[in-house]
Amino acid sequence: MATIAVPPSVPSPAEDAEQLQKAFAGWGTNEDLIISILAHRNAAQRKVIRQTYAETYGEDLLKALDKELSSDFERSVLLWTLDPAERDAFLSNEATKRLTSSNWVLMEIACTRSSMELFMVRQAYHARYKKSLEEDIAYHTTGDFHKLLVPLASTFRYEGPEVNMTLARSEAKILHEKIHKKAYNHDELIRIVTTRSKAQLNATLNYYNNEFGNAINKDLKADPNDEFLKLLRSAIKCLTYPEKYFEKVLRLAINKLGTDEWALTRVVTTRAEVDMQRIKEQYHKRNSVPLDRAIANDTSGDYKKMLLTLVGHEDA
């Protein structure tokens, strides 16, 4: 009678916690062991490992990692180990701080997460910072950026596939009229972009393209140097074609004179469990180079190993 080979099971959270503790013990840290455990566990597993580690060793795993690691490798491991909602709350808070402020990060999180995910980010923000994400964005942004970002972060969009074609036609006309008049910050334009479901928005923008002969983002390029228009175009891209947006962030991060490690780390750690396969396909199509090779050529050491493992290149 043939025996069926049982695939090796993932170690228990207690075993993982024990191995991590061993990685920190003695002279020097065993970075390879940390990567071999954390980079191969999903969000639910990492959460249990953190809880188990705290119960067993009386210390938050993140604090232990923070003490043992440094620089870009540390940031990649810490961001990856965080629960996704906590991670987004941390990144959002960082994006409202003067020295690390970024309207782009706030927009990216607000537009590429599902309604429930964004709701959980706001809850995590309350729990960690004892105030709301919306009030921090409102306080730290001004003018048109404030007008766009506060409702983007506050919304709870409908997630279903249903589309109202009559509404799509009428709102495409409103968008075209406001853009034609260069009223880019008009309340109606902001309302449509910040409240409509992604399916409804796609239908509206398809109608816009067919009826007026241009994609909306082409019409929003009237002034290529206008920072608000850049953010508005990126918000629309995030809402309708996120992998195209993330491909561009990665391309700019890698192709810069000197890598933008923060952008590279953020995209890899936040998308590895979401749509990394589509981003990789988009990257290869756009750059004729596989993403893992581009990352390997632009990074080094443990940081390189961590990122390559997360993007699914196991021979790091």
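Positions of Cβ are set from backbone N, Cα and C atoms, glycine also.
TrEMBL entries are annotated by machine, without manual review.
Quick look at what TrEMBL annotates:
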type    : residues                                         : note
BINDING : F24, G26, G28, E68, I254, K256, G258, A296, T299 : Ca(2+) 1 binding site
BINDING : D298                                             : Ca(2+) 3 binding site
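The Cβ of I254 (Ca(2+) 1 binding site) has 20 other Cβ atoms within 10 Å, all protein chains considered. If you take the Cα of G28 (Ca(2+) 1 binding site) and the Cα of D298 (Ca(2+) 3 binding site), they are about 26 angstrom apart, rounded to a whole number.
Within 10 Å of the C-beta of the residue listed as 'Ca(2+) 3 binding site' we count 17 further C-beta atoms, all protein chains included. A Cα-Cα distance of 7 Å separates I254 (Ca(2+) 1 binding site) from the residue listed as 'Ca(2+) 3 binding site'.
All protein chains included, F24 (Ca(2+) 1 binding site) registers 19 other Cβ atoms within 10 Å of its own Cβ.
Cβ crowding, taken as the number of other Cβ atoms within 10 Å, peaks at G28 among the binding-site residues G28, G258.
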